[in-house]
DNA sequence: CTAGGGTTAG
């Protein structure tokens with residue numbers, strides 16, 4: 001019987017097992033355990049075999065002992081059936097046996113490796129119930145995996161569970177939670193969590209404070225962010241570092257407060273916290289978007305003087321210059337990086353391709369794509385969407401469509417940006433035939449028009465004078481979705497102003513909040529222009545007042 | 001062992 005089991009022949013082994021029943025008291029649980037043990041030595045052990053054995057054990061009415069369970073768990077671990085293993089552990093507990101630390105720890109590890117986090121939490125709870133403590137790296141891994149998958153609630157649950165047992169009070173455990181709360185825009189949750197840590201007397205480190213600075217900057221709450229910086233610079237023992245300053249500089253750039261960002265950059269240099277290439281790249285990107293050439297030159301110079309070397313992110317930081325028409329400068333700077341020996345990647349090539357498109361050199365596009373492939377860099381959908389855009393601007397839309405339909409899309413299929421690129425071109429040109437073609441194409445591919453595509457259509461209807469249809473699209477979006485974006489709203493505003501309906505536009509503006517929409521400064525400026533040209537001075541004054549107050553007064557937390 | 005950066009469409 002054991003020989004057969006060892007060979008993996010469960011079926012025939014069980015046959016002999018059954019034959020033992022002619023002897024009193026046989027087969028016993030010891031025979032069963034021995035057979036199971038032999039089976040695990042077989043080279044073709046599998047879940048099915050173990051299932052068969054278990055069924056047989058139940059059929060002949062054997063009551064498992066602790067060895068039965070541990071052998072079974074060993075087998076399940078061999079075949080990698082962690083979830084079945086968890087079931088066996090639970091059954092084992094029902095029988096009153098205590099699973100060993102190593103058995104639970106190994107299950108825990110397995111679930112972490114397979115990113116089956118719910119099961120990992122179940123195992124952790126079992127472990128804590130038996131007084132077992134997971135290793136520190138694995139506990140951190142669980143919390144950070146939960147966070148990176150957006151399961152912040154579960155991460156908190158795990159953290160407080162461990163904290164309640166008196167384990168793991170160091171920042172490495174809760175910093176991932178702080179950061180993911182910030183990244184998912186839960187500033188209220190962040191502050192609540194901070195208060196909670198404070199009450200429990202836990203000690204932060206610089207990374208924890210930086211999370212707070214990040215969350216506040218992201219919301220535009222710079223006064224509060226500076227306050228946090230002050231506390232850090234005081235006697236917190238967590239002096240701000242390059243990452244802290246860079247975080248706030250990034251926030252300032254995103255809110256268009258570039259002067260302030262430059263000021264902070266200067267402060268870093270003065271206080272001996274030297275900015276690194278990441279800091280510079282962020283500022284260069286913001287300057288590029290504003291086409292602030294002199295400042296870019298200055299920064300570019302000073303980073304070289306500091307011995308810093310531009311990298312792939314520096315190259316992509318120049319992309320704003322392309323949009324703002326500083327083509328020659330952008331190409332010089334890009335070429336400078338292209339000819340250096342830094343590692344390039346697909347994003348850098350894509351920006352370079354974009355510069356070729358703007359330079360109206362479509363014949364060079366394919367040779368650049370060939371050279372990127374030769375250098376081992378795979379083009380992605382962005383690569384081809386960039387080329388498609390170039391075609392739309394340079395050639396006829398039929399030729400662009402030809403490219404669209406015959407190119408071997410890297411993502412196996414064009415994405416919504418691909419469709420919108422060509423749809424947008426057709427809409428701008430008022431090319432009804434092409435608009436219809438693209439809409440049909442999307443229909444055939446089962447791709448729904450998204451907010452960008454629908455905004456294009458609104459523009460199209462305005463272009464061809466079908467104003468009612470433009471409004472209908474907007475209404476449709478309000479009622480059925482997708483929710484219009486601020487660009488959609490601005491498109492509508494432009495249309496209303498063009499149509500001498502500034503008062504209506506203002507009415508829409510005041511009602512935006514009811515639909516969950518927010519205007520931006522461009523919305524106000526569009527209206528302001530419209531009101532001025534219609535000589536509606538009361539409205540002009542009103543709009544100017546609102547602009548001065550700040551368009552959307554930052555909600556306080 | 002936790003933290004800061006980029007490219008396509010409206």
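Just so it is clear, glycine is given a Cβ too, placed from its N, Cα and C backbone atoms.
According to TrEMBL, the feature repeat 'PPR' maps to A:65-99 (among others). With DSSP states grouped into helix (H, G, I), strand (E, B) and coil, the repeat 'PPR' (A:65-99) comes out at 26 helix, 0 strand, 9 coil.
Mean pLDDT for the repeat 'PPR' (A:241-275) in the predicted structure: 94. Feature annotation from TrEMBL assigns repeat 'PPR' to A:241-275 (among others).
Within the chain, the repeat 'PPR' (A:276-310) has long-range Cβ neighbours (under 8 A, six or more residues past its boundaries) at 242, 245-246, 249-250, 253-254, 258, 261-262, 265, 268, 316-321, 323-326, 329-330, 333, 336-337, 340, 342. Taken from TrEMBL, the feature repeat 'PPR' covers A:276-310 (among others).
Annotation comment: TrEMBL describes A:345-379 (among others) as repeat 'PPR'. Tertiary neighbourhood of the repeat 'PPR' (A:345-379): same-chain residues 312, 315-316, 318-319, 322, 327, 330-331, 334, 337-338, 386-387, 389-391, 393-395, 410, selected by CB-CB distance under 8 Å and a gap of 6+ residues from either end.
The repeat 'PPR' feature in TrEMBL is assigned to A:380-414 (among others).
Broken down with DSSP, the repeat 'PPR' (A:415-449) shows 28 helix, 0 strand, 7 coil. Positions annotated as repeat 'PPR' by TrEMBL: A:415-449 (among others).
Outside the repeat 'PPR' (A:450-484), and at least 6 residues removed from its termini, the chain residues within Cβ reach (under 8 Å) are 416, 419-420, 423-424, 426-428, 430, 432, 435, 442, 491-492, 494-495, 498-499, 515-517. Marked as repeat 'PPR' by TrEMBL: A:450-484 (among others).
Long-range neighbours of the repeat 'PPR' (A:485-519) within the same chain, counting only residues 6 or more positions beyond its ends whose Cβ lies under 8 Å from a Cβ of the stretch, are 451-452, 454-455, 458-459, 462, 467, 470-471, 474, 477-478, 526-527, 529-531, 533-534, 536, 539, 543, 551-552. If you look up TrEMBL, you'll see A:485-519 (among others) marked as repeat 'PPR'.
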Surrounding residues of the repeat 'PPR' (A:380-414) on its own chain - C-beta under 8 Å, 6+ positions past either end: 346-347, 349-350, 353-354, 356-357, 360, 362, 365, 369, 372, 421-422, 424-426, 429, 431, 434, 437-438, 445
Other parts of the chain folded back onto the repeat 'PPR' (A:65-99), taken as Cβ under 8 Å at six or more residues beyond its ends: 29, 32-33, 36-37, 39-40, 45-47, 50, 54, 57, 106-107, 110-111, 114, 116, 119, 122-123, 126, 130
